[in-house]
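**Student:** Sharing the feature lines straight out of Swiss-Prot:
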MOD_RES   46  phosphotyrosine
MOD_RES   130  phosphotyrosine
MOD_RES   201  phosphoserine
REGION    259-364  region 'Interdomain B'
MOD_RES   290  phosphotyrosine
MOD_RES   291  phosphoserine
MOD_RES   313  phosphoserine
MOD_RES   339  phosphothreonine
MOD_RES   342  phosphotyrosine
BINDING   371, 372, 373, 374, 375, 376, 377, 378, 379, 396  ATP binding site
MOD_RES   378  phosphothreonine
ACT_SITE  488  active site, proton acceptor
MOD_RES   576  phosphothreonine
MOD_RES   623  phosphotyrosine
MOD_RES   624  phosphotyrosine
């Protein structure tokens with residue numbers, strides 16, 4: 001996404017940010033216009049792209065650097081590079097399509113920072129408001145949504161931001177647009193944009209000498225927008241920004257946005273809003289007033305018998321439904337927040353959380369087929385009738401014939417932990433039923449365990465795996481902050497709601513730590529998953545969030561190995577001996593080096609030097625943003 005790519009270039013002394021071509025040329029003139037003098041700037045046409053401005057023979061030459069789908073950067077027809085800096089370094093040795101070698105960077109003058117683009121000015125506020133009002137989220141649920149889905153949200157906001165702009169009038173007719181432009185002031189350059197059809201095309205209506213001119217804005221097969229034979233842009237607001245600086249094929253520059261009838265320009269929430277003064281040279285840069293629809297409740301869940309809550313159709317990398325709408329552009333991509341398990345079922349104020357964790361068996365319906373089984377018994381799909389909705393649930397059913405009090409105690413202990421947890425990346429408990437068997441009723445994650453899913457879907461790309469393990473790190477960071485130790489973190493205990501949404505499950509071994517504790521000491525060695533355990537767990541029976549970090553490193557190895565078993569063919573004692581010698585599992589084939597480095601860091605022998613989940617999540621987050629953008 002544009003924002004992150006720009007953030008990654010801000011450290012370059014020769015990066016000037018969102019300056020115009022003319023401003024770039026002025027800087028090169030200041031530098032003497034010597035052959036090979038160059039600077040880097042943000043592309044004003046392409047999201048996430050850059051432009052290279054080079055002096056040669058006393059003239060400035062400009063090259064667009066586009067960000068490819070795989071995250072690399074290239075000048076059209078040239079070779080791909082990992083970053084704009086790498087591209088510049090390469091062209092300092094090989095001209096390959098440029099007028100000359102890049103010889104000397106023109107650095108920003110002292111005290112000058114890269115110029116912020118119009119979208120960066122609005123982005124953070126737009127994202128926050130969009131998430132608040134689309135999903136009616138608040139507090140931690142809001143923050144978690146923004147952190148985990150920021151790349152997708154940035155792209156979404158960037159491509160739909162025009163809908164918040166005063167100059168966008170949606171699906172009105174040509175006649176209506178003319179009438180609207182002619183109302184009020186007759187300032188030359190007054191303009192609006194309207195949607196033309198369902199194929200994603202628009203029309204620019206521009207007032208010049210009392211007449212309304214119409215320019216068609218077409219969308220090509222790659223999704224780029226342009227007036228006929230004009231420059232191409234990724235978004236409408238980039239197109240408007242460009243033509244507010246120069247006519248470039250229009251009869252004149254865009255000056256004053258024609259507002260929708262009944263819309264007052266000013267600051268949001270201001271009852272006596274003062275009109276904003278508009279002038280050529282960057283309309284978007286001064287747009288600080290945009291109005292969102294009033295917050296509303298989420299659409300009501302479907303009735304019993306309609307689509308399941310964890311539908312398999314969610315995919316944040318592909319559009320859902322029809323491609324283009326008259327008012328919407330590309331349909332919004334589905335995200336974890338669209339599922340019914342992102343928030344607690346009790347987030348709805350009308351769904352009153354019961355004082356007791358025990359549920360009424362008559363309100364629970366079970367399907368016959370098993371989702372899974374284990375030493376404890378079986379897991380079945382079910383439906384629980386809440387006050388307002390029927391909730392699709394997973395039900396862990398204790399073996400009845402065993403009548404083992406220890407199994408019952410384990411189930412109740414797990415329920416005791418789960419009832420205290422509420423996070424989008426942790427499977428929540430709905431309650432317990434005591435009937436023909438003891439039952440633990442939980443949120444449904446229909447796609448099943450992460451390890452099995454990856455074993456069966458080896459086509460899943462790295463960025464999808466990184467997305468999922470980042471979500472797990474967010475859930476574990478929440479556990480760490482809540483003073484809980486999981487003690488059984490493994491890919492088999494991460495369940496998928498969709499291909500792009502993971503939740504941590506199986507809290508049977510989990511322990512709550514007192515405020516004055518930072519570890520739990522087990523009294524005896526149990527049936528432990530030793531291959532996932534840190535040395536201090538095996539040697540001293542000590543468990544902490546730091547030992548969960550070790551397990552998380554093993555989980556990452558499982559994920560990037562597409563569900564392979566760690567330390568395959570080795571006994572627990574052999575694994576322990578291997579770790580004591582300082583040896584670790586090797587990097588899975590094809591795994592990004594940055595991800596293996598993080599695994600290795602998680603496997604730091606000394607618990608004091610091992611990072612906590614706050615550091616692990618942040619490192620994963622930054623890498624995830626980088627590869628997805």
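Just so it is clear, glycine is given a Cβ too, placed from its N, Cα and C backbone atoms.
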**Student:** Write out the long-range same-chain contacts of the residue listed as 'active site, proton acceptor', meaning residues 6 or more apart in sequence whose Cβ is under 8 Å from its Cβ.
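**Tutor:** Non-local contacts for the residue listed as 'active site, proton acceptor': 506, 507, 508, 509, 510, 529, 532, 551.
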**Student:** Under a three-state reduction of DSSP output, how is residue 371 (ATP binding site) classified: helix, strand, or coil?
**Tutor:** strand
**Student:** Per-residue pLDDT averaged over the region 'Interdomain B' (259-364) comes to what?
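**Tutor:** PLDDT averaged over the stretch: 52.
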**Student:** Specify the secondary structure state of residue 46 (phosphotyrosine) as given by DSSP, simplified to three classes.
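**Tutor:** Assignment for residue 46 (phosphotyrosine) reads coil.
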**Student:** How many whole Å apart are the CA atoms of residue 371 (ATP binding site) and residue 378 (phosphothreonine)?
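**Tutor:** Approximately 8 Å lies between the Cα of residue 371 (ATP binding site) and that of residue 378 (phosphothreonine).
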**Student:** With DSSP assignments reduced to helix, strand and coil, which class does residue 130 (phosphotyrosine) get?
**Tutor:** helix
**Student:** List the Cα distance (Å, whole number) between residue 624 (phosphotyrosine) and residue 377 (ATP binding site).
**Tutor:** 38
**Student:** Report the nearest neighbour of residue 342 (phosphotyrosine) in space among the modified residues 130, 201, 378, comparing Cα positions.
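**Tutor:** Nearest listed residue in space: 130.
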**Student:** Give the residue from the recorded positions 201, 339, 373 that has the most other Cβ atoms within 10 Å of its Cβ, counting over every protein chain displayed.
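**Tutor:** Comparing the recorded positions 201, 339, 373, the most crowded Cβ belongs to 339.
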**Student:** Around the Cβ of residue 624 (phosphotyrosine), how many other Cβ atoms lie within 10 Å? Please give the count over every shown protein chain.
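**Tutor:** Total other Cβ atoms inside 10 Å, all chains included: 23.
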**Student:** Out of 201, 576, 623, which of these modified residues is nearest residue 373 (ATP binding site) by C-alpha distance?
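**Tutor:** The answer is 576.
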**Student:** Tally every other Cβ atom lying within 10 Å of the Cβ atom of residue 371 (ATP binding site).
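**Tutor:** Neighbour count, Cβ to Cβ under the 10 Å cut-off: 18.
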**Student:** From the modified residues 46, 130, 339, 576, 623, pick the residue whose C-alpha lies nearest to the C-alpha of residue 379 (ATP binding site).
**Tutor:** 339
**Student:** Counting only residues 6+ away in sequence within the same chain, which have a CB under 8 Å from the CB of residue 378 (phosphothreonine)?
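**Tutor:** Correct list: 370, 371, 372, 396, 397, 399.
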